[in-house]
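Noted in Swiss-Prot for the protein shown:
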- 1-198: domain 'CNNM transmembrane' (DOMAIN)
- 3-23: transmembrane segment (TRANSMEM)
- 95-115: transmembrane segment (TRANSMEM)
- 217-280: domain 'CBS 1' (DOMAIN)
- 285-342: domain 'CBS 2' (DOMAIN)
- 312-332: transmembrane segment (TRANSMEM)
Amino acid sequence: MDVLSAVLLALLLIGANAFFVGAEFALISARRDRLEALAEQGKATAVTVIRAGEQLPAMLTGAQLGVTVSSILLGRVGEPAVVKLLQLSFGLSGVPPALLHTLSLAIVVALHVLLGEMVPKNIALAGPERTAMLLVPPYLVYVRLARPFIAVYNNCANAILRLVGVQPKDELDIAVSTAELSEMIAESLSEGLLDHEEHTRLTRALRIRTRLVADVAVPLVNIRAVQVSAVGSGPTIGGVEQALAQTGYSRFPVVDRGGRFIGYLHIKDVLTLGDNPQTVIDLAVVRPLPRVPQSLPLADALSRMRRINSHLALVTADNGSVVGMVALEDVVEDLVGTMRDGTHR
């Protein structure tokens, strides 16, 4: 092979190495949520990258195979080519062969590390989604051609991993833990990227999975209920007005003559019934009062109460006894902070 062809082949191998390194780091670094957003904007290559990421072990094996083969061939072709180039271009034919080969190898290694490794790696890390969308489509063509070799190496690697007790992964885990996210929020506050109100709101949102209904439940002794006027009938207008005047709340649990909860009333349900304090409210107006265990996470309680469209719920102990009450507003306030308005609760 003449010198020019050998040099061009060496540069081509460095380019191939850079291609595989860039594709590998782009696949690892690209965030699925950003790719999904790009896919929703109609970027077909984003969908291609997402699908490639779902076969991550095969993709990485293919990249490593490509890097290895390119590096071996570069060593085989590049070093002799540089030796000949130095001899012809710079008149170094009189230099001892050992020194000339050492110098040529150093030049090839430097070009390989800089252009074939570091530059493509940093380009991929600087813009992983953009780089992945550019490199992955042609990379998949190579993967299809090299699939038999990739499958053999991938299966061997997985077998070795299982032998040492490591479970192979088919997809990159990009999730962060609650603790890591809390640290990120704290750092954002200290750096001025978040104000104190935003920091508090985000912190509350993170801890909702660890907060239970018992943490926000109102004890029975603090509940202002209205009692039915007689068995089989509802409370009176006067009873509801008195409760409203005392608390300013808009919803009141209803109890029977024995003190058992039978539902709750919203103040708007009785506005059309007149202003006679002795008027008895029909039990049909009383809304159902669901029950939630005190050990239920607040996030689940929020979902349950929203699903059944109830603003109040009885809180029960493990034995089923009623120990308190929780309002939907209490759950929301634990998430976003206290809210005050003219119809609090």
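Just so it is clear, glycine is given a Cβ too, placed from its N, Cα and C backbone atoms.
If you look at the transmembrane segment (312-332), the same-chain residues 6 or more away from its ends with a CB under 8 A from one of its CBs are 213-214, 216-220, 223, 251, 253, 261, 264, 289-295, 298, 301-302, 304-306, 339, 344-345. Across the domain 'CBS 2' (285-342), the prediction's mean pLDDT works out to 83. Counting residues of the domain 'CBS 2' (285-342) by DSSP class, helix then strand then coil, yields 20 helix, 16 strand, 22 coil. Assigned with DSSP, the residues of the domain 'CBS 1' (217-280) fall into helix, strand and coil as follows: 20 helix, 17 strand, 27 coil.
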